[in-house]
Amino acid sequence: MGEDKYRDEVAIISPPSISQRYNDDHVVALEVEVPETLHQVGTDSWFQVGVVLSTGINSAYALGYAGTIMVPLGWTGGVIGLVLSTIISLYASTLIAKIHEYGGKRHIRYRDLAGFLYGRTAYVIVWASQYANLFLINIGFIILGGQALKAFYHLFRDDDHMKLAYFIAIAGLTCVLFAIVVPTLSSLRIWLVISSVCSLIYLTITFALALKDGINAPPRDYSIPGSKINRVFTTAGAAANLVFVFNTGMIPEIQATIRAPVVDNMLKALYFQFSLGSVPVHVVTYVGYWAYGSNSSSYLLNNVSGPVWVKALANISAFLQAIIALHIFASPTYEFLDTKYEIKGSAVAVRNLAFRTLVRGSYLAVTTFLSALLPFLGDFMSLTGAISSIPLTFILPNHMYLVAMKKQLSSLQRSWHLVNVVLFSVISAAALVAAFRLIAVDSKTYHAFADL
């Protein structure tokens, strides 16, 4: 009864006069209800959304996968893992995209879709899980921004006066200023161009310098480091990182910005992301590991050698891109707060500027503090993948699609989705244990506010 009541609250059922078109994959309502939000809905082209998605996977995080995925998995496991992750992530993302308008309602938030399908309890659980996911991702972006600034600084000054925590604080302050200036996800526009240019700069420079180093370097060691028991945990952690590479955990929120036809345009955006958009991250990861082997770090620009000005340009580009990418992953939080407190009207109105300064500034202050307190980037990637990325991007899409489309699915198709739910639940549990162990080990090795 409780779940039925909740479903009635979140959905307005279309009257008999409104017809719907059905096909084998999804339901497309000719007229759908759009939930209340003070952010823009249905304004962006599929290409702009595709660029947003590609920005996420080609963020400065891409500079770390040689160290956090290839090193613990080796050539065979790393390459096969990344290719399979690309294919499976595309498949899971299309499942969630196809039910965006399920039941005559446009589900612009992941929690709204969960509540519509399962009820109030699922609404709360998914909300908490997604926001934990985005919060951990944003911690990683601020750590990345701090690492990029520190690397830039040490190109010109060889001293220990400035610690990593100071650079993380600068990165956090920059994120606050950006959050004040850019009110919504759709407002990024020109910033997406800047982000793409920055990504192109640091990925191209990293590729070129790593290629040069690899050609000139002696034979590298590609053996997987650690004892047998350590390899078990690092492999499980790397599996969580594989999920982290290509997934945002916020497909409904990004799809909310796309123009009609919503499902078809989102599928175009996803195909762009997982084809052309995924090439750079694959290339840089493989070339980085080839060049440095088991010595590949979680930030490849710390490995490369080359002209100071070239490395400086790459690091500043990585810093700027991390700031813009964080805004994408923080946008669901901003949308919730803006809608809850009815922040509408001109983006430069005094009340709206004050609200963004205070509320977004407070959120990012907490994020920045935790980033400086425990700056273990690889560990946070593993923890994020285990706690929320795997459930949000693999487990829930399969089960949601199964629930929504059960009448159209054959028994074999239903079994397929159930197998995926069970398989990824097991992987998630194993990765969670591994992530906590990695954090515990690193916490003993490094102190709080470590200068890594």
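Just so you know, glycine gets a Cβ as well, placed from its N, Cα and C.
All annotation found in TrEMBL is predicted automatically rather than curated by experts.
Feature annotation (TrEMBL): of 238-257, 358-377, the stretch labelled transmembrane segment is 358-377. TrEMBL assigns the feature transmembrane segment to one of the listed ranges (141-162, 383-404), namely 383-404. Between the transmembrane segment (269-292) and the transmembrane segment (312-337) there are fewer than 3 Cβ pairs closer than 8 Å, counting only residues 6 or more apart in sequence, so the two stretches are not in contact. Outside the transmembrane segment (358-377) by six or more residues, the chain places 64, 68, 135, 138-140, 142-144, 146-147, 164-165, 168-169, 171-173, 175-176, 179-180, 298-299, 330, 333-334, 337, 341, 438-439, 442-443, 446, 448-450, 452 with a CB less than 8 A from a CB of the stretch. Beyond its flanks by at least six residues, the transmembrane segment (73-92) meets 65, 222-224, 235, 238-239, 242-243, 245-247, 270-271, 273-274, 278, 282, 285-286, 289, 393-394, 397-398 of its own chain at Cβ-Cβ distances under 8 Å. Note on the transmembrane segment (383-404): residues 27, 88-89, 92-93, 95-96, 98-99, 102-103, 110, 113-114, 117-118, 126, 129-130, 132-133, 136-137, 140, 239-244, 247-249, 414, 417-418, 420-421, 424-425, 427-428, 431-432, 434-436, 439 of its chain, located 6 or more positions outside it, place their CB under 8 angstroms from a CB of the stretch.
Outside the transmembrane segment (188-211), and at least 6 residues removed from its termini, the chain residues within Cβ reach (under 8 Å) are 48, 51-52, 54-55, 58-60, 62-63, 182, 280, 283-284, 287-288, 290-292, 300-301, 303-306, 310-311, 313-315, 317-318, 320-321, 324-325, 327-328.
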